[in-house]
Structures are given as structure tokens and as C-alpha cells.
Amino acid sequence: MELDDFNSRILSQIFDKSWKVRFEAYESLLHALNRALDDSDVCFQPWIHDPALWKQGLCDSNVPTQEHAVKSLRCFLDKSRQKGVNSAKSFVVAPLLEKCLPSPRQSIRDASHQALLILAKSDALDYVLEGLFSAARVKHPKQAVASIKELNSLLENFGIPALSPIPFYKLIPTLFAQSDKNIRQEASNLSITLYAWVGNAFKTHVFPQLKQIQVSDLEASFQNVTSRTTTGGHISNSLNTQEVVLPSFSSNAKPKPHLSSKSSSQGNTLQRSTSSFSTPNRKVSQPSDFSASPSRSIVSPAKNIVGSTPVDVLSKLTPEFHTALSSPKWKDRKEALESMVPVCSNPVYQEGDYSELLRVIAKSLKDANVVVVGVAALLLTHIAKALRKGFLPYTGIVLPSLFDRFKERKSSLVHSLLDAANAIFESCGLNDIMDETLEFLKHKNPQVKTETLRWLNRCLQLTDVCPPRASLETLCSLCVTLINDTFEPVRMATTNVLATLVQIFSQPVLSKYIVGLDPKKLPKILELSKDITVNAHPNQPSRPRLPRVASPLKTSPVKLAVTPQAPSPLPSSNPSQASLTEESLSTRSSPTKPSTTSLRSQSLVNRFASSTLKAPSSSSKGVSNAASSKQSFPSSPSISKKLETSRLSTKKLPGSTMKAASALKEYPQQQSMKSGGEKQDNLVTITMSEKVELDLLREEKAIRQVQEAEDALERERLFREINDLQIQNAEMKEQVYEKESTISQKEVEITSLRNEKDRLSTRLQQVLLELEKQHETNEEAMDIDLKVPESGAIGRVTTRATATTAMDESGNAGMVSSGIHSVSTKPSSYGTRRSLAGSMLQKPTQFSRPSFMFSPEARDNWRESHDLSSHLWEQIQRMKKA
């Protein structure tokens, strides 16, 4: 009796409106099922006979109640054996997959997973698989993802010997066609697991139904998968020691594979958790006869190029190829382009004109079908990597079409386009394609601007050559405009580009190119630049320095060298020569200089003097004669001609002073000369006039530098003024627009008022005409009513007067007055009666009046009391007079 009462109480409580009552009912049921030994217990009987009762708890809206219901079902299936499973399998699978498996609570998901495993092991696998394949195709992403995870778990636990792969072959292409990235990610995991069981049969059945990029990503993932065989009742679940990178087709986020390292006596293996459910670890067995097929990389770089044979790609451009490209069916166009992929993937091409092929690709990049665009981007990637620098003449053909497709929102297509753009950058460099890139920063589509800025930022970080000055000015001016764009991704991408430029050129150099930048945004740019690493720097020499060349003002170079005398083993043996050397040294080391000479110029002059007149070392084989060199300079016609030329260039050509200075500066050079088998050293000297000329040139250079600094400040001031004027112009335009809007609004109001005025004037004229007609009619009626006949009326009045006298004598005065009134108002003829009837039966109007009020006194009273304005009455009187 107590158990019967318990069952009846539970069955009544699970349908209660209060969630607490339902929670307590399932909690009590769970305790009772845990205490029971098998399905012979009485608490199992209601649920075996009526398994539809489980739907109430599995679909409960309260999460704790649902959790206890799922746990009770798991315990029921575990202890009721085959009898309970057979009764409940057709009722509980659908609620478990729809409500419990996608639940946000982990305990509910685990209990649901365990319940489904029990059903699958108890000869109810067909029900479970049928429900899972149906739930994996639903539109609800969470339910579909949970079902795919459960399928993956069942495939790992039972394997292909127990599960048929054919339903999986039909399901996987459908999953890859879904728009949700999580569904496609789980489809990739399921494909990896299925490939481990069936091998190349997966490619045969599934790859023809997938996109090319999906096939490539799956093949890259299949590299690390090993076969799975059943050994001793254990399911193998092993991967190579390399990490599995799962593909992502429509998400910018990179998925993180759930990999855990495990050490064992047999070696280190990586076990991948394909679902969020807890599954026991199983023993890993190595494959016996299985070899995964090598993956085909889409943009893999060419290897062994030196030994590769050039491929004739242009021979594939047959008339059939062009016919297929012009087909209205997108599949024909896609197949035509795919036929070129194996040929174009070769690393070396034969020499030829590839403009026709690239025009075909550029046209395909504009195709309406995104699949065709993806294949065209793949072809462009292969061609750019194969041609390398030879691709430079064709950049103008494909770059506009390539950048214009950045407007696509499908991330997989954008990734393919970015791969092609990266291949072009690696082949041609950034500076050669900078002009085409900057044009698309002015595009009207914000998505195009965003992706172009992001790609440009990556190129600036990777390139080792600084952009030229003209491109830098254009880029900075565009960035100053785009950083105030209304689209947030454009602003963020522009900020990153400016941060990269700051890291390359430094803030002081870049500040003169971003004059109009908002000062509030500069700190963020500087903060971002600290975390950016670049390879290009402006002070980094891009090419080795060439030796100095003579000035173009001279027809032939002049060597300021003195032929030395015979070498002397003891330079100080000749006292006259030594004294002359000291005198020359004192004369040349302390020349008379202007007061404006800088310290740097003095040090350079001293260095020249000391380098030209110092005594030779002991290892020298000859010594120069200072006296002879001092005397030889004035007598040399070439030197005098050179000085005259330099003075003329200083006076007449101020812009070429640096060239003159380079012509006048002659550094010491050692020139080996063979004369009788001996080498002699030539020393280059400089005269006082040359030193003075050099100081003048340096002063001119300093003055020019000061002028350039002033010009830069003036330029910056003008830029700021231009910016202020532009802001004022924009404000004035806005004010003018507001005023024009106000004026147009007032004009509309005036027009409406004029129309209302015309309508009221017309109505007033109509009212006046109606009043005039009514007034004339009333006057005629009044004249007829007041008209009394000369005969008949007097007789009646006399008769009435007699009767009145008689009645007055009898004292009935009231009747007399009444009789008089009735006589006075009685019509005298038929015409009078008709006039009165017409006056009384006429249609009343707003201004109609009774006929007895048309006497002068009644008219005045009516005019004062009636609701008619005095102005209207005056108008009526004037119209009557007229």
C-alpha cells in the first residue's frame, strides 16, 4: 500500500503547476530508483507501462527539475534492462535530443549522453542514430552542434563495424553547407573521425560534394590522422604527435583543438576530445596496413625549383576553355577554372605573355557566383608565386578586380582573396603596387576600405623597404581622413596603419605628414606602435654606397697630387726640409677664418691639414716635399681654373653649392704607382683659398638648412590654417543647409496659407451671394404680408369693432384683444395666403429670419441680437446700394 501511495503521489506531483513540487517528485523518484535492485521493484511499474510520462520531465521548463528527470531516466534505463529500454526508446530519444542534449548545464548534457549510450548498447542504436541524423539537420544551431558531437562520440565508441558510413557520407556535405561556423567546425571533427575509420573511401564519397577550399583544409587535417581498428573490444583513438589544426571556413577566429598530451610506456600520443562529454580513455593501437594520403596544399610554395621543368600554361587556353567560361551556368565556369588549377600549381612556367590568362582571371573575379571567384583567387595565387618578379607587369590587370571583391562578407572567400593579395606582395613588393592599393582606400564601400587597410598594415610590417615619400604623403593624408570615418572597423584599421608608420619612421618624422590629425587620437596610436615589429627603417641603407664622383661642372677630374721626390730613409736628416715642413704645418693648421665658422668646420679643416702634412711613418718608402708642393699649386693652371669655376658656381648657381663643395673637397687617398719596381705614395693637399671656399659653402649650407626649417614651420602653419578653413567651411555649409531647409519650410507654409486664404475668399463670396438672394426673397415676402386691401378689410375691422364693443360691455376684454389680433394676422386674399405659405415653408438657412421681423424696428433688433458680424452687415448694405 505504501508503494502504491508513493507511485500515485509521484504521478500527481509531476503534473503540478509549482516547479518545487515537481522538483521534489523527481528527486524522490531518483532516490527510489537508486535504492531499487532491478526492474521488479514497484517504482518501475508506472514508467514501464506508460513511458510517455518521461516527456513531462525531460521537457520541463525548470532546469533543476529537468536535471533530476534526466538522471532518473538514466537510472531507470540502467536498471530496467531490456524491458524498460524497449518500452521507453520510442518516447525518450526525441526529448533527449531536442531539450536535454543542447542544455547549457553540463550535468544535464552528461546525463543525456549516458542515457543515449545505454540505449545504443541495448539494441536501440537504430532509434538513436535516426534521431541524431534528423537533429543534425535542424536549423537550430545549438541542437545541431550537440547532435553532431553525439554522433562523433558514438562513432568513436562503436566504430564503422557497428555503424554504417553511408548515412555519414550523406550528412557531412549538408553540414558543410550550413552558414553557422560551429556546425561546420563539428562537421570537420566528424570528418576526421570518419576518415580514421574508412580512409580514402571518405574522399571518394564526400569530396566531390564539397568546395575546393573545404577539401584542401580537410586534406591538411587528414595528414595527422591514423587508422582506427578494433582490437580486443577496445576502440583505438590515436593521432600523430603533431597537433591537428582543424579548418575554419567562415570565422575569423582560429579554433583551438582540444588536445591533451599523455605519456605511456609505448610513447607519447595525443588524444583529441571530440565532444564536451566525458568519455573513458582507451588503449591506443598503432595501425597495421594504413597510410593516409598526402594532403594537397592550396598555396604551398614551390620546392626544388631549380630542378623543376617549366610548364606550358598558355597551351591550356583553348577555345573550349573560353566557351566554358562564357557559359551562363556557374558550374561550367567553375569546372573550366578548376581544370587550370593542376597546371597552374606548378612552380615554374615557360616564358610568355600571360596577360590573356590574367584578364580571364580578372573577369572571373567579378563573377556573381562566389564559388567561381574562390577558384579564380586560387589560380591567381599560384600564378603570382610561379612568376615572381615577372608578375609585376600584370598587377594593373588583376589588382582592381581583386581589391573590389573585398566587399564580400563571406569570410572563406575573403581569406582566398587575401591569399592571392599576399602572393602578389611577396612576388612584387609593396612599393610597386602601392599606387593601386591607395586608390582603393577611397572606395565607397567601407568593407573594401577595411580589408585593404588591414592587408596594407600587414605588408608594411613585413616589408624591408620603406615606402617612397610621395606614397607616404598620400597614405598619411588618406589616413587622416579615414580615422574619422563613420564605420568603426575602418577607424581601427586606420589607427593600426598609422601606428605601423610611426614605428617605421618615428613620430618626429611622421608628424609633418599628419598635420590635420586629431591630437586626442595620437596617444592611442603611439601606444599601439609599441607592440608592433617592423623590418623597414629609414636609416637602414637599402643599397651599398657608391664612391664619390667628380662634379659635373668639370670636364675632367683634377688630381691635386704632388709628385714626391726620391724617398729618404731619414726624413729629419735635412734640416731645411724639416723647418719648411714645420712652417707649412703652422701656416696650414691655423689659417685666418671668418668669425662665423662653426666648430665642426674648424675641426674638419684641422683634420684636413693634419692629414695632408703629417710626417710619413717608418714603413713608407717615400716622403713628399712640402716646399715643392706649396710652390706648385699657384703655378698649376688646372687648379686656378678649378677655383674660378667653383667661385662662379657659388655666385651664379646657389642651388649647386653642394656639388661645388663635393668637387672642392679632396680626401687623402693613397695611390700605388709602379716606377722601377717601387711604390710611391701621393698625398692630396688643399690650399688656403680652398679652405675659405669650403667654409663659405658650409655657411651657405647652414643658412639653407635654417631656411628649410623655417619653410617646414611655415608649411605646417599653412596646413593648420587649411584645416581650420576646411572646418569653418564645413560649418558654414551646414548652416547654409539649415537655413535653406528653414526657408523651404516657410515657403511651404506660405503656400498653404495662401491656398487657405483663396478658399476662404471663395467661400465668403458664396455666402454673400446666398445672403443677398435670401434678403431679396424675404423683402418680397414682407411687402406682400404688409399689404392690406382697401375694401373688405375696413368692413371686417368695423364688424370686429362692433363685436368688440358688445363683448366689452359684457366684460370680456381678453377676447376682444384676441379677436383683434386674429383679424390683423388673417390673410385677405388667396395670393396673400400663398405668399405666407411660401415664406413659412421655405428651407431654413443659417441666416433665415421669420417674416414678421422685417419691420424696421424688428430688423434693427435682429441685427443687434443675431450672431452676424457688423462688418458683414455693412457689406450687405453696400451691395444693396450698388
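The count begins at 1 with the first shown residue.
Every residue, even glycine, has its Cβ placed from backbone N, Cα and C.
Between SER556, SER855, the residue that has phosphoserine written against it in Swiss-Prot is SER556. Residues SER293, SER327 are shown; Swiss-Prot lists phosphoserine for one of them, SER293.
Of SER164, SER300, the one with phosphoserine in Swiss-Prot is SER300, while the others lack that note in the record, though it may still apply to them. Per Swiss-Prot, the residue annotated phosphoserine among SER103, SER551 is SER551.
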